[in-house]
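K.L.:
Below you will find the structure I want to go over with you.
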């Protein structure tokens, strides 16, 4: 009896392909024990993929009986072991039905899975009423006398496995005892197994994880969620209906113990997989090369030079370091997850010329590049540009001075000042040994004079402005050369006045202004 009950209540967990094709028998009413004369309807489910119109039923009790039905249902009244088969499909798992002649029977469901509510029913023939019932589990009383005939065990688990029996009490204190029922709660899904496409991947490669488990054919429509962990601390994903997780790039620091979890949507059944060790392999650096931008190791003074250190092979975080050959000093250091790194040398000078090299290290020891000689080229037009800029500035100052003088004369004219005619006076002849370029490097021009109509003693009679100009022909070129050597531009202005008591017409430089 117990052996038949075990066959009845235990359904093996099938593979994914078998679960998709193997039929499943459902029982209505959902019990396995009935009184003789009652009718039970069996339905063969899960073969819609075969589009069959006929179902073959196998009944085995004392002998095997074959029945073919035009649909997928069969009505039975006899005890036995039942299986069904659609055209082209395997046979279903067996369902054992018992039609009893006892006065009291214990009815249990055909299949109970973990997380289900286990319902036990103590059933008496209709013509005989019970006043109370009680249930026992492995000889222990589960409930006292009460008016309910059903026993409900919510969220059933393997802890509820065992032998069950019920007792019924009649009006005349009659006691009825049912048969024993061995109940084994079936596993809804086994502990998941974590699988990886590569358990020893190379750094930078992708790895796919899959959390694999299977639902029984009877519960193939149950929804599950999955989650992935590393080292019991790092959550790689949140709960998701997908049983797969892709790691686009994995690194050596990601090595560790990986596992996954699966649970029902309601969260009442949760299971985790065993740990899977993943060891990420790192490739040592090799083929270290130092290059420059601009290429060729030639730099221009004052511009930026970029040193580029690269590796032909190597994974993970790499520490790059740049050095000068003569000083062995480190010019800079960078650590990054990249096969190349750059170091900028701004405003390079001639003193920066020399040999350079770089090193790369990704925890296996530094690897040095070959020596690269860098030359610095000087720009020839820099000094001429400075001189030209100085000359341009000097001319601008002279122009501003002339404009100021014209404005001054205009104001004096409005107030009654007359203008004398323009007169040009050559500079004095220099004495022996004196350089005309150092004293009067350019022509001295006598500008228009602003003189009062009625001059008074001490009034300005004429004005003289001397200006050094660059680029004059002849001797003026000597001054230009002198200025270029000094890299300066000079503008010289002198204002002289003649007093009335100076009959000789000599010029006194009492009021001089130099710019």
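Going from the start of the chain as shown, residues are counted 1 onward.
Just so it is clear, glycine is given a Cβ too, placed from its N, Cα and C backbone atoms.
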K.L.:
If you look at how TrEMBL annotates this chain, which of 361-385, 386-410, 411-435 comes out as transmembrane segment?
P.N.:
386-410
K.L.:
Looking at the candidate ranges 470-492, 493-515, report the one that TrEMBL labels region 'Disordered'.
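P.N.:
It is 493-515 that TrEMBL annotates as region 'Disordered'.
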K.L.:
From the DSSP assignment alone, can you count helix, strand and coil residues within the domain 'Ig-like' (114-166)?
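P.N.:
The breakdown for the domain 'Ig-like' (114-166) reads 3 helix, 25 strand, 25 coil.
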K.L.:
Under the DSSP assignment, what numbers of helix, strand and coil residues are found in the domain 'Ig-like' (23-96)?
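P.N.:
Computed counts for the domain 'Ig-like' (23-96) are 3 helix, 40 strand, 31 coil.
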K.L.:
Which of 114-166, 192-275, 284-373 has the most Cβ pairs closer than 8 Å to the domain 'Ig-like' (23-96)?
P.N.:
192-275
K.L.:
Averaged across the domain 'Ig-like' (284-373), what pLDDT does the model get? Just tell me the whole number, please.
P.N.:
92
